[in-house]
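Colleague: Reproduced below are the annotations present in TrEMBL:
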{"type": "TRANSMEM", "residues": "27-48", "note": "transmembrane segment"}
{"type": "DOMAIN", "residues": "28-194", "note": "domain 'Heme-copper oxidase subunit III family profile'"}
{"type": "TRANSMEM", "residues": "69-92", "note": "transmembrane segment"}
{"type": "TRANSMEM", "residues": "98-118", "note": "transmembrane segment"}
{"type": "TRANSMEM", "residues": "138-162", "note": "transmembrane segment"}
{"type": "TRANSMEM", "residues": "174-193", "note": "transmembrane segment"}
Amino acid sequence: MSEARPHGDGLPNPGWGPFAALPGNPLMWVLILSELLVFAAFFALYAWQRAAAPARVDAAQRHLDPLMGGLNTLVLLTSGLAAALAVEAIAAGRRRHARRWLGAALGLGAVFCTIKGLEYADKLAAGLTPETNLFFGFYYGLTAFHFAHVLFGMALLALVTWRLSTDNVETAAAFWHLVDLIWILLYPLLYLLR
């Protein structure tokens, strides 16, 4: 874990408060918290709408393949492990290993995107679009918003693979773990809970 960021005189910057002790750049943690709030609002709206018409949501939800979602969960969690191992490697001074683990996390992110793309293609071919019903509006909205975060996270992983430093790797890994966390909440919410 990183120490508090030095201020001009080499002392920790007290302006970051509790964020100063977190790994990576404190601004990333501000972004992560704000993104968690946005997703929490979307989750609450979905839960409210679901409660209003549970039978219709359950019927629409049956068109999703929990195995595809489960496979994507496994892929994303494994990529999160690779990101954590990259943090461990860079902290130990093993730069080459850190790059390999970042590459693995990035590659698994691409696998996640491929599986999600296949799932979208399958749903669209079956005529299930965001306009089909309220459930699919939420399904596409929530998963596409998450997908955008996956792409941004992959861009961060690629950037820090090139600009390798402990702070950069910790920062990108923190965001990548947000991507994991959101999917861990999305998967049961959309695919499993009835």
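The backbone N, Cα and C atoms fix where each Cβ goes, and this holds for glycine too.
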Colleague: Would the transmembrane segment (27-48) count as touching the transmembrane segment (174-193), if touching means at least three Cβ pairs under 8 Å and pairs must be 6 or more apart in sequence?
Modeller: yes
Colleague: Sequence-remote contacts (6 or more beyond its ends) of the transmembrane segment (174-193), Cβ cut-off under 8 Å?
Modeller: 22-24, 28-29, 31-32, 35-36, 39, 43, 46, 61, 64-66, 69-70, 72-73, 76-77, 79-80, 83-84, 105, 109, 138-139, 142-143, 146, 149-150, 152-153, 156-157
Colleague: Over the domain 'Heme-copper oxidase subunit III family profile' (28-194), what is the model's average pLDDT?
Modeller: 95
